[in-house]
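Structure first, commentary second.
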Amino acid sequence: MINPRNLRLIIAVIGLVGIFAFFASSQHSLVDRTALQVNKPAADSPHVPPPAAAAAPVSPPPPSQQQKQQEGSQKQLNDENSDEKNTLQGTSYSGTKPPYEKVDGKSNKILADKLDTTKNSKPNQQQQQNTQKGASEEKSAQNKITTPEEVSMDNGKCNDIDYVVMIDAGSTGSRVHVYEFNTCVKPPQLLSEEFEMLKPGLSSFDTDTVGAAKSLDPLLEVALKKVPKNKQSCTPVAVKATAGLRLLGETKSKAILDEVRSHLEKDYPFAVVSEDGISIMDGKDEGVYAWVTANYLLGNIGGKEKLPTAAVFDLGGGSTQIVFEPDYKVDEVPVDGETKYHFTFGDNQYTLYQFSHLGYGLMQGRNKVNQLVLKNKLSELNLQKYTKKEVKGAKATVDVSNPCIPPGVVAKDVQVELGEDEFYVVNMKGPSSKDSTVAGGSQCRYLAEKVLNKDAECTSKPCSFNGVHQPSLTRTFNKNSDMYVFSYFYDRTNPIGMPSSFSVEELKDLSKLVCQGETFWKDILLDDHVKNLNEEPQWCLDLSFITAMLHTGYDIPLHRELKTAKTIDNNELGWCLGASLPLLDKNNAKWTCRIDKTD
């Protein structure tokens, strides 16, 4: 007989042992289940469990925190893509960076496709590894923009770097652009740009062809320093002259360009582009290349997907260009002819409207306005007439009142060309500050609009100015797409405090302020801006001409936003980059590597 006291002790011991065994078994089961969920081997793993165990039903684990974050990111990205489709190019442009951030060189749509792949994958370790591998391969493909053109291979990787030297022989000066490209991708990726400019332009040398050619030497020295010596013999160099040399006449301009080609071929190691490599560039090419430059740097062209593009307005010294991609309504028919430009870039085709208005660059516009002022008073003035050779360094002896000069300001020794080889030199004086009908630029705006010749016959309606056909920007260009104005448009707004984004009406107000004179400048502008205005007495005329061209000439509404910049991502705007890209196609670039004489 067991003592009741001993019996209770035995029962208590058995109970404790049972409880301990239960907890030990539960903990072991929990560890096994956790290991099964987290470390479940793939089907092709050498450690696959026995079939019976593998067949046991296992509930799929809940989505991981990483998946939730990816799904949230995907939803946010889809929302952003929806907004981007509505606003086309996003927020206002800062002046030095693209208006939206691109991911791995592609549009956000590609990233969304990649995230969709990740979101729909199962939480199997092997599948996750495959997804990560696929995403890595896709990201690599995205960086290349399109299928890479592997020109030279090193351990299976393309590392081709090529250079282009482009010289812009403009009307007021010459500029060199030395571009460095990664040519392993299509379109080529711009890595860096070296830029230098000097004055005067080639056209100022007139018949001194040797002097004109040698004037480019400082620019070519920049190229020699930038391009590695082992690359120089296979680096193309081109010299493209614009309106200034075009206005010099065919005989004189050809003599200068022939001497430039000879100088490059004899004295420099670069591969000189044949045929039109050293030439006067056609105005339509100048505008289209400027359009390519801007939209290439903005990321609008070059990818597989066709994106909305920006309109481009370029203002040089001798001519101005307009280029945009019209979107015609159903009831509108594009006009064939010289204004229509069709070409292919990357995987997409573009049909552009373009026109180069020769004689309507800023310096030519100045001269046209000053012509009107002087012609009205020429009969009552005793002025000496000069030829183009004689006018250099000539001093004025007569003052002429000009409504395009601010009150109290004098533009000294202004050369006015009235006809072929007919020049006069005068001092242009601003009106009295008491004359409210003149001060403020109203009369100057009238003169600026008059030189645009809006009353000229328009044979193919609608027209912009001087009888030139132009599709309506209001009807055929999306109101949310960007309009970029650069070169002299930038040079006459940025130095006096204008932001990188402004309306035509704000430009008109700025023009009025500048024409009112220094008394008003000091109340509104910073000291540096006032200093800049004092250094250029014809700033009022320039702004009046620019405003008239954009609003009255091109018919851009007053409320329309414009964007201006000198560079995008530290790369110069203008036609040079657009003209350099085709030279990288070694099969069709019209140049061959030179034999390196140092070898």
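The first residue you see is number 1, and the count goes up from there.
Using N, Cα and C of the backbone, Cβ positions are placed for all residues, glycine too.
Residues or ranges marked as topological domain 'Cytoplasmic' by Swiss-Prot: 1-6.
Residues annotated as transmembrane segment in Swiss-Prot, with sequence analysis given as evidence: 7-24.
Averaged across the topological domain 'Lumenal' (25-599), pLDDT for the predicted model comes to 80. According to Swiss-Prot, the topological domain 'Lumenal' annotation covers 25-599.
Here Swiss-Prot flags 65-76 (among others) as compositional bias 'Low complexity'.
Taken from Swiss-Prot, the feature compositional bias 'Low complexity' applies to 120-133 (among others).
Annotated active site, proton acceptor per Swiss-Prot: GLU286, in sequence order, evidence recorded as similarity to another entry. In the three-state DSSP scheme, GLU286 (active site, proton acceptor) is classed as helix.
Note on GLU286 (active site, proton acceptor): other Cβ atoms within 10 Å of its Cβ, all shown chains, come to 25.
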